[in-house]
Amino acid sequence: MSQPQTIIQGLQLINGQWQAGAGALFQSVDPATSQVIWQGQAADEQQVQQAYQAARTAFYSWSSRPLTERIAIAEAFAEQLRANTEALARTIALDTGKSLWESRTEVAAMIGKIAISVKAHQERTGTVENPMPGARAFIRHKPHGVVAVFGPYNFPGHLPNGHIVPALIAGNTVLFKPSELTPLVAQHTLELWQAAGLPAGVLNLLQGEVATGKAIANLPGIDGLFFTGSSNTGHLLHKQFAGHPGKILALEMGGNNPLIVKDVADVKAAVHDIIQSSFITSGQRCTCARRLFIEQSANGDAILAALVSATKQLAVGAPFAEQQPFYASMISSKAAAGMVKAQADIEALGGVSLVRLTQLDPALGFVTPGIIDVTHAAALPDEEHFGPLLKVYRYSDLHSAIDEANNTSFGLSAGLLADSAADYELFFSRIRAGIVNWNKPITGASSGAPFGGIGASGNHRASAYYAADYCAYPVASVEADKVSLPATLSPGLSL
Ligand SMILES: NC(=O)C1=CN([C@@H]2O[C@H](COP(=O)(O)OP(=O)(O)OC[C@H]3O[C@@H](n4cnc5c(N)ncnc54)[C@H](O)[C@@H]3O)[C@@H](O)[C@H]2O)C=CC1
Ligand SMILES: O=C(O)CCC(=O)N[C@@H](CCC(=O)O)C(=O)O
């Protein structure tokens, strides 16, 4: 039996002051136990406005501080993360229902983000001086101003951090609205930023549900919005930003990601990569494989049989269990029930379950993984099912499998498991996605590379290593110490 948790009082951080929200009451529930762990009121419109004013006021002093000082504060934050790794990992596991081992890797990714963001800032948006006669030509970068960051629930520390750290290093000030499903992680993280010495107003925390998000996105003065979340919300924000070419909008959204398997000698290794791609974090990664293409062949049959057998044995268990599970709970009992419904909907269209996804307790977020053969199903809607449900398509020709893999409005990640380099060459040339892997899982993208998708997965503003690009705008300057006449005047001009 788990111990009852103390309910943490939910607060906003506005201009360096922790304060109660004045909007609607909401709660965060640990989906592994159904206990309320955090409770507070959302930020109302007036508080959103106050936070904006604080961020605007802080902007000039923050952006005009030497870069070395901003980096020093980011590095002090990394130190805070290091010193508090276990506590923050436990907060993540509690707020999301994720296993403790995965939550620890999330904190490690947050720590790694600091050095990577400093390097990316310097390499992608640093200062370049080019020689020119009688003057100097510079390429420099400036921060946008006040930007909003909206985060998802699946990586409530790492993914908002992937926008916030590069934004702050570049000199922006930030209004951060975390997912309403993971407010505790955000509160804990902001405490660490404060302990790192971040000045008041530079990073403001606005907790709340959709109404708070709308109030922030509607602020006329914000200079940009960096969003990681569902495709639906991202599309709404894109519509809202239409007609505002001066505001920068970076969208990282979902996927309906394909993984194709063809002629792999090491069947166990193929099964490993399929499971890591499909079921890690209970399928709650935007990069997870949702559609698995397996050849109609003896090799394909062997891989599918081994996959079904390994999937049935996958350990699902409590986040803090001593014997750690492969994955723990989904974000909520509602999300878990949603996956059961998605499976039933696909079955109604002719899908045949090879392994049934089951919700273990209607009050909790635990589900076992599912595999469903949709080879003979009616056309399925092009949807992202954000959980551990893998659709299998049997194919006979690689070209048509690639065409079907591309038959989606999304384009986040895609992979090929195949021993033939020629097959990969064909796959790489035809597949449309922002992450394309060969003989490796399609989850676990590196922060040291660009991260993002095309189509309905994003708007070509890749994050991770390329986040530096949307956190600052380039300025071209030609400069000379004194005004002086050129050696040759233009024709027709006499002075
Ligand atoms: N491509 C990527 O980098 C990633 C994408 N995702 C995607 O995120 C989704 C899961 O995250 P969720 O938290 O469910 O996303 P969500 O879209 O429900 O919420 C994301 C954020 O937007 C806010 N929001 C929701 N509706 C809004 C509105 N109308 N106006 C303003 N703000 C609003 C939410 O409160 C939250 O802070 C999945 O679809 C997943 O694929 C998740 C992680 C990474
Ligand atoms: O942003 C980064 O630093 C790297 C991207 C990353 O961590 N991706 C993860 C999962 C992101 C998600 O699913 O929400 C991955 O590729 O597994």
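Placement of Cβ uses the backbone N, Cα and C atoms for every residue, glycine included.
From a predicted model like this one, the values you see are computed outputs, not experimental measurements.
Under the heading active site, TrEMBL lists Glu252 (among others). According to its DSSP assignment, Glu252 (active site) is in a strand. For Glu252 (active site), the count of additional Cβ atoms within 10 Å of its Cβ stands at 27 [all protein chains shown].
With a 10 A radius on its CB, Cys286 (active site) counts 29 other CB atoms from all the protein chains. Sequence annotations record features per position, and here TrEMBL assigns active site to Cys286 (among others).
When secondary structure is read from DSSP and collapsed to three states, Asn232 (NAD(+) binding site) falls in the helix class. The NAD(+) binding site annotation in TrEMBL covers Gly229, Ser230, Ser231, Asn232, Thr233, Gly234.
If you look up TrEMBL, you'll see 18-469 marked as domain 'Aldehyde dehydrogenase'.
Other Cβ atoms within 10 Å of the Cβ of Gly234 (NAD(+) binding site) number 22 in total over all chains. Counting other Cβ atoms within 10 Å of each Cβ, the lowest count among the binding-site residues Ser230, Ser231, Asn232, Thr233 belongs to Asn232. Same-chain residues with CB within 8 A of the center of the Gly229, Ser230, Ser231, Asn232, Thr233, Gly234 CB atoms, the NAD(+) site residues themselves not counted, are Phe227, His235, Leu236, Met253, Gly254.
Within the set of recorded positions Gly229, Ser230, Thr233, Gly234, Glu252, Cys286, Gly229, Ser230, Thr233, Glu252, Cys286 have a CB atom less than 6 Å from some atom of ligand 1.
Within 10 Å of Cys286 (active site), judged by CA to CA distance, lie the following recorded positions from the set Gly229, Asn232, Thr233, Gly234, Glu252: Gly229, Glu252.
Closeness to ligand 2 is met by Cys286, these being the recorded positions among Thr233, Glu252, Cys286 whose Cβ falls under 6 Å from the molecule.
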